[in-house]
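Residues or ranges marked as zinc finger in Swiss-Prot (evidence: sequence analysis): 28-66, 187-215. Taken from Swiss-Prot, the feature phosphothreonine covers 155. Marked as phosphoserine by Swiss-Prot: 174. Residues or ranges marked as Zn(2+) binding site in Swiss-Prot: 190, 193, 206, 210. Feature annotation from Swiss-Prot assigns compositional bias 'Polar residues' to 222-235. Taken from Swiss-Prot, the feature region 'Disordered' applies to 222-254, 407-487. Taken from Swiss-Prot, the feature compositional bias 'Basic and acidic residues' covers 243-254, 421-430, 439-455, 468-481. The domain 'SAP' annotation in Swiss-Prot covers 278-312, and the record cites sequence analysis as its basis. Look at Swiss-Prot and you will find 409-420 tagged as compositional bias 'Low complexity'.
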């Protein structure tokens with residue numbers, strides 16, 4: 001069902017405009033909508049659970065009386081919750097029943113009935129009724145028009161306002177009612193079902209039916225009979241008997257709300273999420289906390305803190321205050337929707353050494369292609385080949401730096417092994433170390449010169465392909481497995 005925006009002023013045009021106050025009292029002072037999961041503050045005011053928790057994050061006081069209190073002092077109001085749900089379910093029907101109907105304008109050409117143009121009931125005359133009563137006692141009402149009324153004499157027409165005689169009033173009786181209420185028929189009470197039946201019907205059929213049903217363990221059939229003059233007790237009891245319609249508890253909304261309130265209790269299945277002081281936590285600890293709850297760890301430190309704080313409000317409002325909590329998947333869906341609209345990561349964040357800074361640095365001179373690649377950077381349509389061509393020089397430089405680090409690590413490990421030998425071995429290791437240092441200096445000079453030459457070109461080499469870059473990566477992998485220092 002679609003959610004419709006309603007206001008308390010809808011009742012001002014009804015026959016009971018004072019219901020405007022009731023409708024206003026059942027609304028939250030913060031969101032102006034009907035209370036959802038209402039909670040009670042220590043100062044006695046009621047708000048939506050999520051609304052007041054969000055307000056307390058900014059200002060630790062009541063929005064109405066400014067009384068200061070903590071979030072842990074909020075208490076659930078199950079009764080108010082069911083009252084509001086019951087009221088909202090019948091609000092539209094109540095409005096329809098209380099709306100004052102607008103007077104419909106009467107057309108000018110339409111005649112308004114007056115005393116001279118009132119409706120008439122035509123009754124048959126005494127001579128005609130004698131012949132009709134022999135066959136049927138039913139009342140004959142004949143629809144008459146103005147032409148037929150003109151032909152008839154006024155003595156044969158009786159106005160509706162006139163009082164009929166005893167003989168005419170007797171004509172209103174139905175023949176079916178006469179058959180069922182014969183005054184001379186003797187009635188008797190069944191000793192099994194305690195119901196009154198005609199004596200002949202009781203002796204012939206009813207007693208056998210009651211005895212048969214009683215032997216089978218079934219309840220006897222109770223048939224309704226018309227009261228007769230021979231059974232005054234039955235007549236008086238049926239006159240004052242009031243039919244009370246049975247209430248279907250499954251279809252009546254009020255009954256279900258009452259049952260939910262009577263069976264309400266605090267659920268111990270989910271524990272309350274605590275407030276966390278993030279000032280003493282590192283960024284890795286914050287990520288670990290979010291990962292334990294199944295939340296995203298993207299964004300800056302401040303983004304992750306805001307994400308946890310909002311999820312804590314959703315969790316406690318749902319599992320600690322609501323009678324009908326939703327599952328965790330729905331809470332995470334609500335968090336994702338909030339994260340997209342309220343917790344955006346700034347595009348111009350300068351993370352030192354990060355991929356965003358590198359992408360901005362390399363976008364000079366090729367901004368159009370860079371922006372085109374950046375549009376699909378985080379989905380399956382990302383052009384990897386174009387990305388490798390754009391940043392080919394950086395990949396090559398990183399590969400060379402990795403090779404140099406592998407050489408440095410292998411020389412350090414061989415030097416530590418050589419220290420365990422005698423003095424000659426130490427001198428040999430030191431000479432080898434000096435040779436390696438000289439070689440590293442030469443390699444670094446070579447890398448610097450290559451970077452300088454590549455910077456002067458300012459364009460990637462068109463002859464190199466993705467296969468060349470892949471071969472360099474494979475060579476680096478083999479080089480890391482079997483470095484030259486191990487030979």
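Quick reminder: no glycine exception, Cβ is built from N, Cα and C everywhere.
Its Cβ taken as reference, residue 206 (Zn(2+) binding site) is surrounded by 21 other Cβ atoms within 10 Å in the chains shown. Taking H, G and I as helix, E and B as strand and the rest as coil, DSSP gives the zinc finger (187-215) the counts 17 helix, 6 strand, 6 coil.
Remark: secondary structure over the domain 'SAP' (278-312) totals 25 helix, 0 strand, 10 coil, with classes taken from DSSP. Predicted-model confidence for the zinc finger (28-66) is 91, expressed as mean pLDDT.
Taking DSSP states H, G and I as helix and E and B as strand, the zinc finger (28-66) has 10 helix, 8 strand, 21 coil.
The Cβ neighbour count for residue 193 (Zn(2+) binding site), using a 10 Å radius over every protein chain in view, is 18.
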